[in-house]
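Quick look at what TrEMBL annotates:
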- D93: active site, proton acceptor (ACT_SITE)
- D93, S94, G95, G96, F97, D147, Q190, G217: substrate binding site (BINDING)
- C305, C307, C310, H336: Zn(2+) binding site (BINDING)
- 14-368: domain 'tRNA-guanine(15) transglycosylase-like' (DOMAIN)
- 248-254: region 'RNA binding' (REGION)
- 272-276: region 'RNA binding' (REGION)
Amino acid sequence: MAIKYELIKVCKQSGARLGKIHTPHGVIETPIFMPVGTQATVKAMTPEELKKIEAQIILSNTYHLYLRPGHKLVEKAGGLHKFMNWDKPILTDSGGFQVFSLGDLRKISEEGVEFRSHIDGSKHFLSPEKAIEIENSLGADIIMAFDECAPYPADRQYVKNSLERTTRWLKRCIDAHKYPERQALFGIIQGGMYKDLRHQSLNEILSFDLPGYAVGGLSVGEPKDLMYEVLEYTTPLMPKDKPRYLMGVGSPDCLIEGVIRGIDMFDCVHPTRIGRNGTAMTSIGRVVIKNAKYAEDFMPLDPNCDCYTCKSYSRAYIRHLFKAGEILASRLVTYHNLHFLLNLMKEIRQAIMEDRLLDYRREFFQKYGYTL
Ligand SMILES: CCOC(=O)Nc1nc2cc3nc(NC)[nH]c3cc2c(=O)[nH]1
């Protein structure tokens with residue numbers, strides 16, 4: 001098997017689990033947050049900085065790397081790990097999520113998806129076979145099956161037809177996959193917000209014996225409570241001895257609520273994207289650093305944080321960098337935000353170990369200003 005999931009402990013208070021995923025590029029402690037590196041870089045971060053904040057696995061995107069620089073070029077470079085100088089685990093997903101399911105730049109058929117490149121408008125076609133060919137060339141440790149993420153809201157019949165096509169596409173992905181012994185192919189469960197369709201998709205996807213499974217079709221604009229409800233009737237039916245990945249999530253509250261509902265892996269562009277425009281995630285809520293009130297605030301971004309940014313610079317200085325359009329501005333807040341989320345996951349793992357995850361949630365929500 002390309003990966004081996006080791007279940008360490010099941011939380012007594014909730015559906016949370018502590019685990020380890022053994023991969024060809026190292027071990028991943030779960031629950032884990034995966035920084036997103038869409039174009040073979042986690043924007044504004046070096047691999048050394050990612051290691052410093054203990055990132056264990058990063059994401060890259062099939063769609064983007066196929067368009068530029070091309071998956072064949074990355075293969076010639078020795079694969080994505082070598083190309084981007086990252087020797088720890090990598091997961092590739094489509095990254096075409098915006099294009100495939102939200103943009104109207106796409107036409108979906110049984111064969112695959114026709115879409116226009118966001119770079120130059122050129123026409124392209126991705127099929128399950130093509131997506132797997134790209135992911136095989138990139139060489140990530142975990143690769144996601146080519147699926148359709150149904151938009152929200154979507155009517156029942158559309159969601160049913162879509163999930164059934166996703167199942168047919170999964171079979172084609174499995175048949176096209178060249179290296180199952182070293183790249184773990186994860187199936188993706190769809191079914192929208194319909195309980196019976198979620199169970200239909202779950203049964204169909206789980207009928208293929210794969211090393212891990214993702215819950216797709218969520219974090220697509222639905223209310224958070226609806227996402228939690230879908231998880232409550234989906235994750236308990238997923239295999240206990242395999243990793244469960246919730247795609248595109250998320251913010252601190254969603255990470256904690258997802259872990260409580262049995263999710264092991266998360267990814268989201270949120271911390272890096274908002275970091276680049278000056279919003280810091282801190283232990284006392286969000287700090288929008290360009291706000292004038294920080295002009296002469298010589299405190300660190302987050303007084304309770306021990307990261308390089310918070311130990312070395314003041315709010316006033318970081319605000320100055322943003323106002324001056326300095327590149328360092330993005331780097332410092334991105335660094336802090338990723339450290340914040342990775343540290344949150346570390347605290348969650350500790351809380352599961354000590355059977356106090358629900359207490360941890362209450363404390364975190366009070367500090368962060370969430371309502372339970
Ligand atoms: C070739 C791999 O295909 C995918 O990555 N499929 C996929 N990606 C998703 C990304 C998502 N991001 C969000 N919120 C920000 N929700 C997502 C759902 C999917 C999905 O269902 N399916």
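Using N, Cα and C of the backbone, Cβ positions are placed for all residues, glycine too.
Closeness to ligand 1 is met by none of the binding-site residues C305, C310, H336, no Cβ falling under 6 Å from the molecule. Taking Cβ-Cβ distances under 8 Å and a sequence gap of 6 or more within the same chain, the neighbours of C307 (Zn(2+) binding site) are I53, Y335, H336, H339, F340, N343.
Just so you know, of the binding-site residues G95, G217, the Cβ with the fewest other Cβ atoms around it within 10 Å is the one at G95. If you take the C-beta of C305 (Zn(2+) binding site) and look for same-chain residues 6 or more apart in sequence within under 8 angstroms, you find T282, S283, H336, H339, F340, N343. A separation of roughly 13 Å, to the nearest angstrom, links the Cα atoms of G217 (substrate binding site) and D93 (active site, proton acceptor). A simple way to gauge crowding: the CB of S94 (substrate binding site) has 27 other CB atoms within 10 angstroms, across all the protein chains here. The Cβ of Q190 (substrate binding site) lies under 8 Å from the Cβ of D147, E148, C149, A150, V159, S162, L163, T166, L197, R198, S201, G216, G217, each of which sits 6+ residues away along the same chain. Its Cβ placed at the centre, H336 (Zn(2+) binding site) has 27 other Cβ atoms within 10 Å. Sequence-distant neighbours of C310 (Zn(2+) binding site) (same chain, 6+ residues apart, CB-CB distance under 8 A): P300, L301, D302, P303, H336. Under DSSP, C310 (Zn(2+) binding site) is assigned to a helix (H, G or I) in the three-state scheme. Helix first, then strand, then coil: DSSP counts for the region 'RNA binding' (272-276) stand at 5 helix, 0 strand, 0 coil.
Averaged over the region 'RNA binding' (272-276), the predicted model has a pLDDT of 98.
Its own atom aside, the Cβ of D93 (active site, proton acceptor) has 31 Cβ atoms within 10 angstroms in the protein chains shown. Note on the region 'RNA binding' (248-254): DSSP counts are 3 helix, 0 strand, 4 coil.
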